[in-house]
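In what follows, a structure is listed as structure tokens, so that the remarks can point back to it.
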Amino acid sequence: MSPYILATLLFSLGLGTTITFASSHWLLAWMGLEMNTLAIIPLMAQNHHPRAVEATTKYFLTQATAAAMLLFASTTNAWLTGEWNIEQMTHPVPTTMMIIALALKIGLAPVHAWLPEVLQGLDLTTGLILSTWQKLAPFALLLQIHPTDPTILIGLGLASTLVGGWGGLNQTQLRKILAYSSIAHLGWMILILQFAPSLTLLALLTYFIMTFSTFLVFKLNKATNINSLATSWAKTPALTALTPLILLSLGGLPPLTGFMPKWLILQELSKQDLAPVATVAALSALLSLYFYLRLTYAMALTMSPNNLTGTATWRLPSLQLTLPLATSLIATLCLLPLTPAATALLSF
């Protein structure tokens, strides 16, 4: 792809998200989301592979459906209340429709089925943009909607944590595992959205950092399935020793960064007298932890000759910059002691 076209598309991606961030009117927010969708589609289809084209088509259809639903919900709200302002979603019917439309945008369960399929058809760089940047604009809108009854958000959150845990158990493709990991993490964020929006932001930030590290590690190793991880110790021994820690941080184990949002979310849910919800969420985290441990086992605990049928790939020097990975890796592993600073910064 021409660097000029790439720069234009990336600029459009950034502009779409910024428009949605800055908007207080539903039509402007919708326009930002549409710009976002249209800018990422050429990036997704640039490989001209049948799987990439299929993934792009699926993504376009789901995003178009969500955008139409969002427009319908905002029009209904204007019809019922006379308000186009994002903060003024007072009627329960358009509010519920809007939450479901935004859930479809980001891939929350039970409207999550497109996410693993789409991510599987993309290369790791575009997959990283889809898993991180594309979540920002819908989350900005979700943070501004205040439903009178938080039941729908708790239902979506619990369904997502459970589906994200169960769905990834039997997968061998790394991109599908990362998609289910994304669904589970988004579930945690939605659970707490109504009670402590600052914790949602904290969870989103830590998820971005950890996912960024994971995608860059897989990209450096050119790994797309579990078997290809088995030979990574011969290519990058130091990184292979650190990758299990990144995966365990994604799983939420102390003393790693990923423990911070889970710990604070469970604490806040308990304060809100939602102990059963906190228990189910904590148990669903064990399901996610299991498939991270599977990746850890395949990557670090199987030396050749091993019991995985991993074929050695042709070892070419990687042209990938290692500074972004090094920076995000430190953040993925070492931010837990900064919990008080992070909560103070994000509390508003």
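Keep in mind that glycine also has a Cβ here, set from the backbone N, Cα and C atoms.
What TrEMBL lists as domain 'NADH:quinone oxidoreductase/Mrp antiporter transmembrane' is 23-284. What TrEMBL records for 60-80, 92-115, 151-170, 177-196, 202-221, 233-254, 274-293, 323-346 is transmembrane segment. The feature domain 'NADH dehydrogenase subunit 2 C-terminal' is assigned by TrEMBL to 289-341.
Contact between the transmembrane segment (274-293) and the transmembrane segment (323-346) does not hold: fewer than three of their C-beta pairs are under 8 Å, each pair 6 or more apart in sequence. Over the domain 'NADH dehydrogenase subunit 2 C-terminal' (289-341), the average per-residue pLDDT in this prediction is 79.
Outside the transmembrane segment (92-115), and at least 6 residues removed from its termini, the chain residues within Cβ reach (under 8 Å) are 33, 58-59, 62-63, 65-67, 69-70, 72-74, 76-77, 80, 134-135, 138-139, 141-142, 145, 147-149, 152-153, 156-157, 159-160, 162-164, 179, 182-183, 186-187, 190.
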